[in-house]
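Beneath this line is the structure, given in structure tokens, with notes to follow.
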Amino acid sequence: MVKICCIGAGYVGGPTMAVIALKCPSIEVVVVDISTTRIAAWNSDQLPIYEPGLEDVVKECRGRNLFFSVDVEKHVSEADIIFVSVNTPTKTRGLGAGKAADLTYWESAARMIANVSKSDKIVVEKSTVPVKTAEAIEKILTHNSKGINYQILSNPEFLAEGTAISDLFNPDRVLIGGRETPEGRKAVQALKEVYAHWVPEDRILTTNLWSAELSKLAANAFLAQRISSVNAISALCEATGANVSEVAYSVGKDSRIGPKFLNASVGFGGSCFQKDILNLVYICECNGLPEVANYWKQVIKINDYQKSRFVNRVVSSMFNTVAGKKIAVLGFAFKKDTGDTRETPAIDVCKGLLGDKATISIYDPQVTEDQIQRDLAMNKFDWDHPIHLQPMSPTAVKQVSVTWDAYEATKGAHGVCILTEWDEFKNLDYEKIYENMQKPAFLFDGRNVVDPVKLRAIGFIVYAIGKPLDAWLKDLPAVA
């Protein structure tokens, strides 16, 4: 029986291993983590992450061939294949601060593997890592090998949150990078056989190590670039009276471009896009390619510009001040169908409004008050460290309240900001919301979920990203 162990029970490790266990009943899969609370959650009825379909998969396999444990060393030493999906945050100090990946957790995982292994191992990089990480890991393992052979593979994940389980069931591609040596090819084949239980042969791609590592960064950079491209156009649409939805639809009809990732919004979020692009930028700089680095930096600059532009619209529309005014924020997760708030644009928008002394009331169907308060109190990049290393329950931001109902959040508010495209926001009773708000009632749609014409008929002053401006907004400066 092949034994697989995954170090790290997070967004990647948990769902990926659950699906491998489901599809490969003959393989024993153990997910290990040093966080006892996280492992306890995986073993309970309340899983630590929300992902449609995940619960069914876990319940079917847990206790059969899927196990969650804090006994890290025991399971690592028994495994044939070890997946490593630990945090790789952006460095906040030292060389490469603000750009380079911090490989502290990776390195300690590698040293631990070297310490406890008694048999040959295949070590698989699952976390998003900078190109050439495999080489560093390989050095640590071989210098501490005690006669044991290690093969390092890169098997980047291409999951989208909210659809992770269907992405795992039916991936566009599974990418496996390994050394081009007989042992390397053998290791690639071993991992390929695991995926071949359910993934068609032609979708399992094998490359060299560096190509696999770089493909992940490049794929995320291309996706983020599309969002920044349409967001840049959205600013021009507002200035000229064009409608970004119509422009994006026309552009997406070109089969060479395609329609995906062309929704203008308040900005992209999520744990990967910004981090991976910063990483790409740093690697380019380290390899003497400043022009390439600057090209990719622009993708993040436009994203930051889009968030600050949104805040400026809110403030300038409301008589140039939001001090003491209640603003309702609908949606805090970085996109619908996930409770994940990592790098969500809502953080920067809320901080911008708080900076102008607004009072904020937030409603999100999947995000807890504790998480929201944490996000607003933490420094940039803190979120990417294991929870026990994050600042202890940060002081709550007094001007922020969290409600469990959109109507409660909007009651008595001067303005409403929609920052996540949850389906339920399309079907709210906006007449009821309008009646309970201060007048003039403003609605700022950061995700283009509502119909501005219908809302204007109710009486709202509406700002929707990339849509023709309300007469009220036309004379106001776009940048406060």
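Any Cβ shown, glycine's included, is placed from N, Cα and C.
Note that TrEMBL annotation is computational and uncurated.
According to TrEMBL, the protein has these features:
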type	residues	note
BINDING	8-13, D33, R38, 86-90, 127-128, E161, 272-275, R342	NAD(+) binding site
ACT_SITE	C272	active site, nucleophile
DOMAIN	328-452	domain 'UDP-glucose/GDP-mannose dehydrogenase C-terminal'
By a 10 A CB contact count over all chains shown, which of the binding-site residues listed here is most packed: T90, Q274?
Q274
Can you count helix, strand and coil residues in the domain 'UDP-glucose/GDP-mannose dehydrogenase C-terminal' (328-452) using DSSP?
43 helix, 20 strand, 62 coil
Long-range same-chain neighbours of D33 (NAD(+) binding site), Cβ under 8 Å, sequence gap at least 6?
I7, G8, A9, G10, G13, I39, F68, V70, V72
Enter the number of other CB atoms within 10 angstroms of the CB of Y11 (NAD(+) binding site).
22
Rounded distance in angstrom between the Cα atoms of N87 (NAD(+) binding site) and the residue listed as 'active site, nucleophile':
11
